[in-house]
Amino acid sequence: KGVTSIWDRELQCLGNESSLTSCPTGAPSDPLCTHANDAGVTCTKYTGFRLVNGSTACDGRVEVEVLGTWGTLCDSHWDLLDAHVLCRHLGCGFAESVPGAGRFGRGTGPTWRESFHCDGTEAQLGQCPVTALGASPCSHDRDAAVICS
């Protein structure tokens, strides 16, 4: 529950605003609204997922697009549950294995520091809890990979 004042206007955002305060507003909302009615939103910075350098569209090095930039993930923070979710998300069945040590070649661009914590039931990787690791990312010699069924 929030503790600050409640916005008394209905937001009518178009989707191109840079902040909520830039959205047009409508008529005042319900005057009986309390913090028990607070709304929330979950944002994701991940805009794409793909497998690269495999023999099919369903195996390869894992690449993640973050705000328009493609990068890789470190294999030490990539497991079979994460891979299952990615395979399903890409329409590639389930994960058979998660070969490490850059099996599908070295990626280019950044190695993202995120560590996904999927439980295997998520519909897409962007729904999994994530920890952004504080240490320097690993090199492209350790890019994460997956072989899907």
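Cβ atoms here come from the backbone N, Cα and C positions, even for glycine.
Unlike curated records, TrEMBL annotations are generated automatically.
According to TrEMBL, the protein has these features:
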{"type": "DISULFID", "residues": "CYS13-CYS23", "note": "disulfide bond"}
{"type": "DISULFID", "residues": "CYS74-CYS138", "note": "disulfide bond"}
{"type": "DISULFID", "residues": "CYS87-CYS148", "note": "disulfide bond"}
{"type": "DISULFID", "residues": "CYS118-CYS128", "note": "disulfide bond"}
{"type": "DOMAIN", "residues": "1-44", "note": "domain 'SRCR'"}
{"type": "DOMAIN", "residues": "49-149", "note": "domain 'SRCR'"}
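Of all the disulfide-bonded residues in the record (CYS23, CYS74, CYS87, CYS148), the one with the smallest CA separation from CYS118 (disulfide bond) is CYS87. Across the structure, CYS13 (disulfide bond) and CYS128 (disulfide bond) place their CA atoms 27 angstrom apart.
Taking the Cβ of CYS87 (disulfide bond) as centre and 10 Å as the limit, one finds 22 other Cβ atoms among all the protein chains shown.
Spatially, by CA atoms, the disulfide-bonded residues CYS23, CYS138, CYS148 include one closest to CYS128 (disulfide bond), and that is CYS148. Taking Cα separation as the measure, CYS148 (disulfide bond) is nearest to CYS74 of the disulfide-bonded residues CYS23, CYS74, CYS138. Fewest other C-beta atoms within 10 angstroms, among the disulfide-bonded residues CYS13, CYS23, CYS118, CYS128, CYS138, are seen around CYS13. A mean pLDDT of 74 is what the model gives for the domain 'SRCR' (1-44). Other Cβ atoms within 10 Å of the Cβ of CYS148 (disulfide bond), summed over all protein chains shown, number 23.
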